[in-house]
Amino acid sequence: MGMQGEENGNGDGGSNVSIKYSRIDYAGSEADTPSSVQASAVKKYDTRKYVFACAIFASLNSVLMGYDVGVMSGAVIFIQQDLKISETEEEVLVGILSIVSLFGSLIGGKTSDIIGRKWTIALSAVIFQSGSAIMALAPSFRVLMIGRLIAGVGIGFGVAIAPVYIVEIAPSVARGSLTSFPEIFVNFGILLGYISNYAFSDLSVHMSWRVMLGVGILPSIFMGFALFVIPESPRWLAMKNRIDEARLVLSKTNESEQEVEERLAEIQVAAEEANAERYDKKEVWFEILNPSPAAKRMLITGCGIQCFQQITGIEATVYYSPTIFKHAGIQGNAQVLAATVAVGFTKTVFILFAIFLIDRLGRKPLLYLSTIGMTMSLLCLSLTLSFLSHNGGLGISLSLLSVCANVAFFSVGLGPICWVLSSEIFPLRLRAQASALGAVASRVSSGLVTMTFLSVCRAITVGGTFFVFAVISALAVLFVYRCVPETKGKSLEQIVMLFEDGGADGQRREVELGDAERLVAKE
């Protein structure tokens, strides 16, 4: 330091020399020795590996949901033959799970605030597996519906809480990709369901659908292991004043002690606000139903994106893909189910692109790509089914290509990102219940679409129905432009401030502030 002082007295060059010597001092500091750098690299690798494992295990419930969606599309063909159900009963059987799951979503938010995110996920698996077992052994349509209702409640729990858990445990830099894991596992479950349909389609009508539904019980084995691996959410622990436990979890999910303390300080402030509101007996649901301007913007964004995810017809495409392909001209159950495997494979592969891009490109660019691509694909499918159905190879090829393109564009953006957004935009005091409300919006929209799809097709044709979906998808592009801010790289608490600053206007101010900070840094 004495040398540095002498050089600083040498006229104009002093400041440059000062910078030079300060860099030499820093380069030789203990913090940057080879051993410390290696230890830091090991810590970073272990942290990422741990968070990655937590996200995977928390997402296993989504495999169950996806498997049910995929397997029911084929199983219903054999159920219709075995139990002699009508078209209306088929619509109810397929769509009722989405409607009933809203009760699980509503209860799940409050349950997770009481017993924790981790054990709510476990409860979800137990309920769903109970319903699956009843469905597989059902001797009649009535018992099959009872199992379906129970499974729906379990799905509602899992859909509402798994993304909340991941978004609360993940570091900001990887939150988008990790929170999209549940959607990836849904797609993987759908693919497994399609494969199961094709694999067991040669069994007798009485046995085939029972085996298809029964195989869905197997993932529960892995859920047992998950409970011994994943920790509780640090934000939930802080909300319960278990600060030391929260710090321990954060030390495993963040790469430095400074980052741990910064995150913990932010979480404690948010937790104190949440607990103060409980002390003042200000009910969360009252605040949601009578929202402030900032909360209203959050609810419009979170619930709106969930609705658009479903009313663009993705679950109708997945559940009724055999119906679509039969209308296009494919003959025979085995050939139809083989075509659905291609759809499931496409949906699963393209969700992987979203994982790598969501924290690099951001949420909004992928949403634009997704919604514009879906609009074009749905319009192409509508025209093909209207003018080229039962027209030989060309109609079949274009229909299959359009369906695959639609699910591909969905998986790249709207599929995973809607869960990321609806989990990260709400403050801690509202997060569980508001995210559950978003899940309710998703399930209600899904149920309405799947329970009316066949009836609407009969009224305005299959091609006409997909034209309506194309129009709704075009409206989704406008919704993204007007209502969805960019949240990439921001902490959960910073995202809340973004909405409090006025949504899109606040985002523009934050961009200007970021530009100013980068300019100062360069100077």
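Cβ coordinates are placed from backbone N, Cα and C, and glycine is handled just like the others.
Caution: TrEMBL annotation is automatic and unverified by curators.
What TrEMBL records for 50-79 (among others) is transmembrane segment.
Look at TrEMBL and you will find 54-488 tagged as domain 'Major facilitator superfamily (MFS) profile'.
Residues annotated as transmembrane segment in TrEMBL: 91-107 (among others).
Residues or ranges marked as transmembrane segment by TrEMBL: 119-137 (among others). Note on the transmembrane segment (119-137): residues 58, 60-61, 64-65, 68, 104, 108, 111-112, 143-144, 146-155, 157-158, 161-162, 165, 210-211, 213-214, 216-217, 220, 223, 226-227 of its chain, located 6 or more positions outside it, place their CB under 8 angstroms from a CB of the stretch.
Sequence-remote contacts of a segment are chain residues at least 6 beyond its ends whose Cβ falls under 8 Å from one of its Cβ atoms, and for the transmembrane segment (149-167) they are 54-55, 58-59, 61-62, 64-65, 68, 96-109, 111-112, 117-118, 120-121, 123-132, 134-135, 175, 178-179, 181-182, 230, 233, 419-420, 422-424, 431-432, 435-436, 439, 442-443, 492. Positions annotated as transmembrane segment by TrEMBL: 149-167 (among others).
If you look up TrEMBL, you'll see 179-199 (among others) marked as transmembrane segment.
What TrEMBL lists as transmembrane segment is 211-230 (among others). Tertiary proximity for the transmembrane segment (211-230) is limited to same-chain residues at least six positions away from its ends with a CB under 8 Å from its CB atoms, namely 53-54, 57-58, 60-61, 63-64, 67-68, 71, 74-75, 78, 118, 121-122, 125-126, 129, 132-133, 135-136, 165, 193, 196-197, 200, 203.
In the predicted structure, the coiled coil (243-277) carries a mean pLDDT of 80. Look at TrEMBL and you will find 243-277 tagged as coiled coil.
Taken from TrEMBL, the feature transmembrane segment covers 336-358 (among others).
Summarising the annotation, TrEMBL assigns transmembrane segment to 365-388 (among others).
Counting same-chain residues at least six beyond the ends of the transmembrane segment (394-422), those with a Cβ under 8 angstroms from any Cβ of the stretch are 163, 167, 175-176, 179-180, 182-184, 186-187, 301-303, 305-306, 308-309, 312, 314, 317-318, 321, 324-325, 328-330, 339, 342-343, 346-351, 353-355, 357-358, 363, 366-374, 376-378, 380-381, 384-385, 388, 434-435, 438-439, 442, 476, 484, 487. The transmembrane segment feature in TrEMBL is assigned to 394-422 (among others).
Residues 304-305, 308, 311-313, 316, 323-324, 327, 364, 367-368, 371-372, 374-375, 378-379, 381-387, 389, 414, 453 of the same chain sit 6 or more residues outside the transmembrane segment (460-481) yet have a Cβ under 8 Å from a Cβ within it. Taken from TrEMBL, the feature transmembrane segment applies to 460-481 (among others).
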For the coiled coil (243-277), sequence-distant contacts whose Cβ falls under 8 Å of one of its Cβ atoms, 6 or more beyond its ends: 40, 43-44, 47, 50-51, 54, 169-171, 231-235, 237, 284, 287, 427-429, 491-493
